[in-house]
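K.L.:
This is the structure, below, for whatever I ask next.
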Amino acid sequence: MSITPQEALQRCIEHRELFHDEMTAMMRLIMSGEMSPELVAGLLIALRTKKETVGEIAAAAQVMREFATSVQVDDRTHLVDVVGTGGDGAHTFNISTAAMFVAAGTGAKIAKHGNRSVSSKSGSADVLEALGVNLALSADQVAKCISTVGTGFMFAPNHHPAMKNVVPIRKQLGVRTIFNILGPLTNPADAKRILMGVFHPDLVGIQARVLQALGMEHALVVYGRGGLDEISLGGPTLVGELKDGVVREYEIHPKDFGLNTAPTNSFKVANAEESKKIVLDVLDGKPGPASDIVCLNAGATLYVAGIAKSIASGIALAKTAITSGAARQKLDTFVVTTQSK
């Protein structure tokens, strides 16, 4: 090994970057349980204090993927993940979860990777479970769902068993670490297209460049101004787009797409059951701000998936998927398929 954990810690304390092979070696020690909890905690805090670089995050993500239980999808046409880092503190209903069924209703193949709530009132796994989805699927069963239904959900604990070495340390620390931003970068189906929400504007450019380093085909990394890890109806959304190997950053606004603005707090929920009700209302065609924000995010998903030529045309397709009943049908078929395993 080119560096010891103690040397890596010292380097971070001095605000010096770890090289790719060094970060790779450190992450392998962490994920395998070979590094002591004290050193893991120290290194995580030192990395956070100096601010993790694009190279360090990319190396860490690659190691997490090495240790993950992968999902083998044969037909990868229009395969896309729609995911958020969480941690935005907005406590909204599960916008991206609703958007996945709308996008699937238009022909996207969704390989969604998510977990239970950490800081929100309802994580993607929580609301899917409330909707009747069986989370305890094997990797092969998830792959079959994606190929037959066009929708698959990879419950993070089922695919990242090595995280058991890190979870107790993260809980004890109680602060954000690099692991808060690694989850969305470690899709077990290796989807090359992604709509990713982040909890801080600084992460938009960083995560877009990490995705670039990881060889993604097309990605939108978004931060809703005012604090939302989705594309917002409350005002501008900062976007980092990776396309054709190039990253560019810009802002979009709901009015760009003919949508009315709505404050983020109008989407707040107290628990997964409340989130479930809004998701079902949207998929059943109830008009209003909740439907608008889902169509906005589904439209962006369809753009990234390569089905729509723009976010605007994606929104139009998303609205049709709802009014035709295709989006609700995707949910119902997905629930039945997961329960029949």
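Every residue, even glycine, has its Cβ placed from backbone N, Cα and C.
As annotated by Swiss-Prot, 5-phospho-alpha-D-ribose 1-diphosphate binding site applies to Gly84, 87-88, Thr92, 94-97, 112-120, Ser124. If you look up Swiss-Prot, you'll see Gly84, Asn115 marked as anthranilate 1 binding site. The annotation Mg(2+) 1 binding site is assigned in Swiss-Prot to Ser96, Glu230 on the grounds of sequence analysis. Annotation source Swiss-Prot lists anthranilate 2 binding site at Arg170, citing sequence analysis. Here Swiss-Prot flags Asp229, Glu230 as Mg(2+) 2 binding site.
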K.L.:
Going by Cα-Cα distance, pick out whichever of the binding-site residues Gly84, Ser96, Asp229 is nearest to Asn115 (anthranilate 1 binding site).
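P.N.:
If we rank Gly84, Ser96, Asp229 by Cα distance to Asn115 (anthranilate 1 binding site), first place goes to Gly84.
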K.L.:
List every residue in the same chain as Arg170 (anthranilate 2 binding site), at least 6 positions away in sequence, whose Cβ is under 8 Å from its Cβ.
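P.N.:
In sequence order, Leu44, Thr177, Phe179 meet the Cβ cut-off.
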K.L.:
Tell me, how many other CB atoms lie within 10 A of the CB of Asp229 (Mg(2+) 2 binding site), whichever protein chain they belong to?
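P.N.:
Around the Cβ of Asp229 (Mg(2+) 2 binding site), 28 other Cβ atoms lie within 10 Å.
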K.L.:
Determine the minimum-neighbour residue: among Thr92, Ser96, Asn115, listed as binding-site residues, which Cβ has the fewest other Cβ atoms within 10 angstroms?
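P.N.:
Each of the binding-site residues Thr92, Ser96, Asn115 was scored by Cβ atoms within 10 Å; lowest is Asn115.
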K.L.:
Quick check: in three-state DSSP terms, what is His113 (5-phospho-alpha-D-ribose 1-diphosphate binding site)?
P.N.:
strand
K.L.:
Validating a neighbour-count step here. Other CB atoms within 10 A of the CB of His113 (5-phospho-alpha-D-ribose 1-diphosphate binding site): how many?
P.N.:
27
K.L.:
Under a three-state reading of DSSP, tell me whether the residue listed as 'anthranilate 2 binding site' is helix, strand or coil.
P.N.:
helix
K.L.:
How big is the Cα-to-Cα gap, in Å, between Ser96 (5-phospho-alpha-D-ribose 1-diphosphate binding site) and Glu230 (Mg(2+) 1 binding site)?
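P.N.:
Cα-Cα, rounded: 7 Å.
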K.L.:
Below 8 Å Cβ to Cβ and six or more residues apart, same chain only. Which residues does that give for Gly84 (5-phospho-alpha-D-ribose 1-diphosphate binding site)?
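P.N.:
Gly84 (5-phospho-alpha-D-ribose 1-diphosphate binding site) has long-range Cβ partners Ser96, Pro184, Met196, Gly197, Val198, Phe199, Asp229, Glu230.
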K.L.:
What is the number of other Cβ atoms found within 10 Å of the Cβ of Glu230 (Mg(2+) 1 binding site)?
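P.N.:
Glu230 (Mg(2+) 1 binding site): 28 neighbouring Cβ atoms within 10 Å.
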K.L.:
Look up Glu230 (Mg(2+) 1 binding site) in the DSSP assignment and reduce it to helix, strand or coil.
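P.N.:
Going by the DSSP assignment, Glu230 (Mg(2+) 1 binding site) belongs to neither helix nor strand, so it counts as coil.
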